[in-house]
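A quick write-up on the structure given underneath.
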Amino acid sequence: MSADIQTARPSRGAYFRIAAVNSFKGVIKAFNSNKTSWVGLGVFAAVCLLAILAPVVAPYDPIDQNILFRLKPPSEAHWFGTDYYGRDTLSRILWGARISLTIGLLAIGSAMLIGTLIGLVAGYFGGRTDIIIMQVMDVLLAFPSLILGLIVVAMLGPSVMNLVIAISLTAIPPFARIARAPTIAVKNREFIEAGHALGYSHSRLMFGHILPNIAPEVLVMGSLWLATAIRVEASLAFIGLGVNPPTPTWGGMIREGFENILDSFWLALFPSLAILIVVFSLNLLGDGLRDAIDPRLKGEQ
Amino acid sequence: MTAFILKRLGFAAITLFAVLTIVFFIVRILPGDPAMAILGDQASEAALKALRVRLGLDVPLYQQYVEFLGGVLVGDWGVSMVSGRPVITEILKVLPATLELTVASLILGAVVGIPIGVWSAVRRNKLPDYVARIGSLLGLSFPAFVSAVLLLMFFSIQLRWFPVISSSQGGGLGEHLRNLALPAINLGLIMAAYITRVARSAMLEVLNQDYVRTAKAKGLAFAVIVWRHCLRNAMIPVVTVVGLYLGILIGNSVLTEIVFNRPGLGKLIVGALNQRDYTMLQGMMVIYTLIVVLVNLITDLTYGLIDPRIKYS
């Protein structure tokens, strides 16, 4: 599921509006232009807070088994019910958020770094370098990412680190594409030409002058890809390639809940809603911000 | 036209070759000895050696590579390490089920997504637009297995409209369609969410064109402008994006097949992963690559059908 909503609208040199997003005021303005971004940010921040505070706010130990309270429906003691081993579903969801967010943030963080670097180099140098690099990226993009992730995790074994590697591998090519387009647009502007005339080095121009101009676009795509990464991690866990049990993961909980779906619907329902809330909030956030920095939509409001 | 097709075919061949090379090396660098994986660590050295010869693992790597590429070309994709049957036979057996599911969901996605996208663009920044935008964003936030589980809970378990577990082969056409319905709805609604968004933004761009204003000025009915003049131009990005979303569709079909227990490539690949069936995995990657390359080729060639202005050069 690599190509995503972000590929729906190929970025076409959004650079001249981006300059305005580089200040704190600009960021607030971008958020205000589409109020749903605030909603997305608020919900996502709340989820992050709950994940960080999981040891404090979770009512029970997430891996503590209680055979006497097996498969209990939601009640006052267990808001989201209990699972096959009598573990508290709410506590497992709260702890599971840590796994999802850690893997998602690490995977997208590294994909963003590597992919942006590749796109920056390809766009800046152009010519044959560009053609070769982007050809390789296109070949990688051609392969369905869930299948690629599946095989990499199956090869390396399911651990947090290996899941991060698998998911970031699938997200590098799109980030290279995202970074390349505005780089090409920015590199032909006067201030870069002036830099050349002053004898600035390539790396100084790339990192000091072009990168800040393309960063907003890359970061906005980052929030959309974080949503994808969380979805892919959950999907892999559902297939059985998630972090090993008893560590709670949302995908793994749905997998277990699915086995008892006929009599204990809450086991699959609540983790499903948790994934949906996080992914939806990130999509709301990224989608609204992208509209704000896309010049083609400027005249619409 | 011929030159364009040849050029695209050449590009498809290069992509195919590159991915096949990657596939070959990925499978080879898998940790562990495939022979030992099959026979277990209690197997005698002689048995292991015999199996390595049978799997063609005893010859140098470059020779394995040449044999692999040659084999792919002539349809000899090796033999499943688990079942002992030819990989290509096993794949072709389940391929129709997966194709049926994906084609049905693509049609559903287009039938639902395009009209909503157009409507949303025409009523821009009005209530229908907001509903369509939020709804489609929600739709593409669903991991395919989550929506599948929820659909199953509601329609099969609560309402009992559809079977909980699709019975495999057998049964008449009605039974067949009943089994296909829920998985296709699951994949189709997610596709519809993606298509709605592309159709909307493509339509918005077209609606701002001068010729639309001219058409309005000369008094053409708005419905005619939208459906006959604009939609055709807006379809180009939609087709591109549907091609791009093939990867998502494939990933989602794997998850859907697992939840609904449908035979198909998805169940086959998960089975191969669990049993460490390397030759089968290799074959699966080859078939997925073939599908992706082929669909990209078709997507490129479709442009000309929609937009006669596009010259294949």
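Every residue gets a Cβ built from N, Cα and C, even glycine.
Marked as domain 'ABC transmembrane type-1' by TrEMBL: B:95-299.
Residues annotated as transmembrane segment in TrEMBL: B:9-30 (among others).
The transmembrane segment feature in TrEMBL is assigned to B:101-122 (among others).
Sequence-distant contacts of the transmembrane segment (B:134-157) (same chain, at least 6 residues past either end, Cβ-Cβ under 8 Å): 113, 116, 163-164, 182-183, 185-187, 189-190, 192-194, 196-197, 251-253, 255-256, 258-260. TrEMBL lists B:134-157 (among others) with the feature transmembrane segment.
What TrEMBL lists as transmembrane segment is B:177-195 (among others).
According to TrEMBL, the transmembrane segment annotation covers B:238-260 (among others). Using a Cβ-Cβ cut-off under 8 Å and counting only residues 6 or more beyond its ends in the same chain, the transmembrane segment (B:238-260) has close neighbours at 98, 101-102, 105-106, 110, 114, 143-145, 148-149, 152, 165-166, 182-183, 186-187, 190-191, 194-195, 198-199, 202, 266-267, 269-270, 288, 291-292, 295-296, 298-299, 302-303, 306.
Look at TrEMBL and you will find B:280-306 (among others) tagged as transmembrane segment.
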Proximity verdict for the transmembrane segment (B:177-195) and the transmembrane segment (B:101-122), three or more C-beta pairs under 8 Å: yes
Distant-in-sequence neighbours of the transmembrane segment (B:280-306), which means Cβ under 8 A and at least six residues beyond its ends: 1, 5, 8-9, 12, 15-16, 19-20, 23-24, 26-27, 68, 72, 77-78, 80-82, 87-88, 90-91, 95, 232, 235-236, 239-240, 242-243, 246-247, 250, 265, 268-269, 272-273, 312
Spatial neighbours of the transmembrane segment (B:9-30) far in sequence, C-beta under 8 Å, 6+ residues away: 61, 64-65, 68-69, 72, 278, 281-282, 285-286, 289-290, 293-294, 296-297
